[in-house]
Amino acid sequence: MAREPKPIDELTIWDDAKAMIRKGRAEGIETVHERLAQQTPHCKFCELGTTCRNCTMGPCRISEKMPRGVCGADAHVVVARNFGRFIAGGAAGHSDHGRDLIEVLEAIVEGETGDYRITDEAKLRAIAAEVGVQTEGRAVMDVARDVMEVFYGDFGSRKKEVAFLSRVPQKRKDIWNKLGMTPRGVDREIAEMMHRTHMGCDNDAPNTLIHAARTALADGWSGSMIGTELSDVIFGTPTPRMSTANLGVIKKDQVNILVHGHNPVVSEMILAAAREPEMVAKAKALGATGINVAGLCCTGNELLMRQGIPMAGNHLMTELAIITGAVEAIVVDYQCIMPSLVQISGCYHTKFIDTAQKARFTGGIHFDIHPHNALSEARKIVEIAVNAFAERDAPRVDIPCEPVEIMTGFSNEAIIGALGGSLDPLVQAIASGEIRGAVGIVGCNNPKFKQDSMNVGLAKELIKRDILVLATGCVTTAAGKAGLLVPQAIDMAGPGLKKVCGALGIPPVLHYGSCVDNSRIMQLCAALANALGVDISDLPVGASSPEWYSEKAAAIGLYAVASGIYTHLGHPPNILGSTVVTDLAVSGLEGLVGASFFIEPDPVKTAEMFDIRIRAKRKALGLSE
Ligand code: SF4
Ligand code: MSK
């Protein structure tokens with residue numbers, strides 16, 4: 001029997017969220033929390049990962065009484081196959097996002113768009129040199145064309161390794177080569193995972209997991225990394241700037257447009273159109289004081305990092321933002337967009353607008369956006385939003401709080417700039433113990449957790465221990481709302497971190513970008529390891545996805561581990577039905593790649609685990625613990 005939804009106080013740590021869940025319930029609007037209650041308890045076989053529907057001799061459920069599927073597959077094979085496909089899904093999402101940026105670069109190079117351009121030529125030339133493209137004395141478009149070809153090549157089958165492995169320490173590459181884990185091509189590894197998990201192929205769980213790691217590495221060191229780097233080239237490399245966050249960024253007197261999804265290609269155009277004086281004049285003619293473009297999830301992070309737009313919320317705030325009754329349009333690209341947003345938009349005057357052929361929503365208004373028509377289509381979208389302002393039902397508007405300040409825009413280039421041009425001061429701060437280590441806290445919300453309790457709780461516990469936190473994805477908004485993304489947050493940090501961040505005028509939790517921008521963290525770790533002449537697994541660093549939900553987050557976790565980074569998850573993926581797979585994930589991988597996962601739902605205990613790990617890594621490097 002379905003369960004009753006939990007009391008509101010148990011669902012989230014945020015007052016703005018509580019107010020909107022309450023308003024939604026009063027107005028008869030169902031959200032993720034009600035639907036989770038309806039779906040609980042979940043299927044036990046699926047939770048354990050022991051159900052298989054990879055062929056029509058099944059579907060099969062593996063248990064003590066029924067230890068093998070119709071084909072003979074046991075629990076280990078079934079769990080490994082399911083996990084492998086889960087990882088392939090995540091890698092496909094990030095990497096297809098990366099490919100879309102290559103297509104925009106191609107449109108620029110071929111002169112097929114005037115809406116996009118190369119904004120950061122220096123970065124283009126820098127990455128060209130890293131992937132073996134000649135730059136000296138060459139015109140920018142010639143360099144861009146060759147970079148485009150190299151990156152398209154990363155998606156194919158002709159390479160021995162993807163291009164950005166040029167960044168990886170040789171010791172790490174040797175490990176991958178020995179294990180057969182070197183990512184050769186993004187689409188190749190994903191396709192091979194689908195092949196291996198067909199009935200009658202890879203029936204050895206550890207072998208399937210090695211390929212899962214290779215698939216994830218193709219995501220982290222290619223698909224995602226290309227997404228990040230080309231976004232910087234096209235839209236500009238982020239630099240530190242101030243902005244605001246929480247539902248209070250939605251303005252009562254303005255046309256509010258929320259951009260949601262992951263890829264900045266469309267949302268940058270929406271912002272550009274909304275800033276055009278003619279469009280603002282139209283909004284004013286209808287009684288609004290302006291047009292406010294605010295972000296949700298990672299498209300929000302992308303525009304926040306580069307343009308400083310305000311951030312309305314993370315994953316579990318997306319439905320609640322509409323319930324304010326003050327959103328004229330929600331414009332989406334792809335990934336993490338709950339289909340329920342269409343229904344909730346329909347309860348208000350909100351227009352739900354989808355923009356990607358590969359992410360259509362029944363009931364949404366569709367615009368087919370491509371590089372050649374992006375800005376003109378964006379203008380039509382903004383006009384729809386402006387006109388919707390006249391349909392707003394004023395008595396139903398409730399914006400529950402005032403926004404809080406945040407600092408954003410921490411790319412590696414910005415960090416190196418702030419450090420005076422090299423990583424040396426960071427290396428010295430780590431060596432002296434002022435910064436004892438660093439942990440990337442990344443990923444999502446999941447209604448199975450009290451929203452952001454782990455995301456925020458862990459960040460606070462780590463900075464207290466002089467461990468620098470780099471945040472991406474939906475953790476960024478959580479950290480911002482908790483006051484951790486402003487320089488004054490050093491008051492919550494330990495003495496060493498307080499000193500270093502205070503001197504630089506930066507927060508102890510750095511907003512490092514969107515989900516694909518975890519590649520920035522990987523690049524930083526590789527650069528630190530290269531600077532010290534060690535492997536990534538030797539560094540006093542860690543990664544965590546406390547409240548993760550998505551296939552993409554699992555792929556991120558796996559490429560972090562395979563890169564040598566000890567990685568925490570707040571709850572396990574659906575693998576517990578196999579001791580072989582579970583043991584490999586939480587311990588066996590340590591012997592193979594020098595890192596493993598650990599699962600822990602408590603933020604204090606998690607921080608303690610990281611502390612122990614960082615102490616051990618520091619000691620092995622000959623540093624004070
Ligand atoms: Fe069952 Fe094997 Fe078919 Fe899976 S592949 S559904 S375990 S028969
Ligand atoms: S949006 S993958 S809920 S971080 Fe990147 Fe947030 Fe997780 Fe989506």
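Every residue gets a Cβ built from N, Cα and C, even glycine.
TrEMBL entries are annotated by machine, without manual review.
Record features (TrEMBL):
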- CYS43: [4Fe-4S] cluster 1 binding site (BINDING)
- CYS52, CYS55, CYS60, CYS71: [4Fe-4S] cluster 2 binding site (BINDING)
- HIS262, CYS298, CYS336, CYS444, CYS474, CYS515: [Ni-4Fe-4S] cluster binding site (BINDING)
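In the three-state DSSP reading, CYS298 ([Ni-4Fe-4S] cluster binding site) counts as helix. The binding-site residues examined here are CYS43, CYS52, CYS60, CYS298, CYS515; by Cβ neighbour count within 10 Å, the least packed of them is CYS43. With a cut-off of 6 Å between Cβ and the nearest atom of ligand 2, the binding-site residues CYS43, CYS55, CYS298, CYS336, CYS444, CYS515 reduce to CYS298, CYS336, CYS444, CYS515. The Cα of CYS515 ([Ni-4Fe-4S] cluster binding site) lies closest to that of CYS43, out of the binding-site residues CYS43, CYS55, CYS60, CYS71. Ranking the binding-site residues HIS262, CYS298, CYS444, CYS474 by Cα distance from CYS71 ([4Fe-4S] cluster 2 binding site) puts CYS444 first. Within the same chain, residues at least six positions away from HIS262 ([Ni-4Fe-4S] cluster binding site) with a Cβ under 8 Å of its Cβ are HIS97, CYS297, CYS298, THR299, GLU302, ASP333, TYR334, GLN335, CYS336, SER514, CYS515, VAL516. With a cut-off of under 6 Å between the Cβ and any atom of ligand 1, the binding-site residues CYS43, CYS298, CYS336, CYS474 reduce to an empty set. Spacing of the residue listed as '[4Fe-4S] cluster 1 binding site' relative to CYS52 ([4Fe-4S] cluster 2 binding site) is 13 Å (Cα to Cα, whole number).
When other Cβ atoms within 10 Å of the Cβ of CYS444 ([Ni-4Fe-4S] cluster binding site) are tallied across all protein chains shown, the result is 24. Sequence-distant contacts of CYS474 ([Ni-4Fe-4S] cluster binding site), defined by Cβ-Cβ distance under 8 angstroms and a gap of at least six in the same chain, are CYS297, CYS298, ASN314, HIS315, GLY443, CYS444, ASN445, ASN455, GLU547. When secondary structure is read from DSSP and collapsed to three states, CYS55 ([4Fe-4S] cluster 2 binding site) falls in the coil class. Sitting within 8 Å of the Cβ centre of CYS52, CYS55, CYS60, CYS71, and not among those site residues for [4Fe-4S] cluster 2, are the Cβ atoms of ARG53, ASN54, MET57, GLY58, PRO59, GLY69, VAL70, ALA73, VAL78, MET199.
When Cβ atoms from all protein chains are considered, those within 10 Å of CYS55 ([4Fe-4S] cluster 2 binding site) total 15, not counting its own.
The [Ni-4Fe-4S] cluster site is set by HIS262, CYS298, CYS336, CYS444, CYS474, CYS515; from the centre of their CB atoms, other residues of the chain with a CB within 8 Å are CYS297, ASN301, ASN314, HIS315, GLN335, GLY443, GLY473, SER514, SER550, LYS552. When Cβ atoms from all protein chains are considered, those within 10 Å of CYS71 ([4Fe-4S] cluster 2 binding site) total 16, not counting its own.
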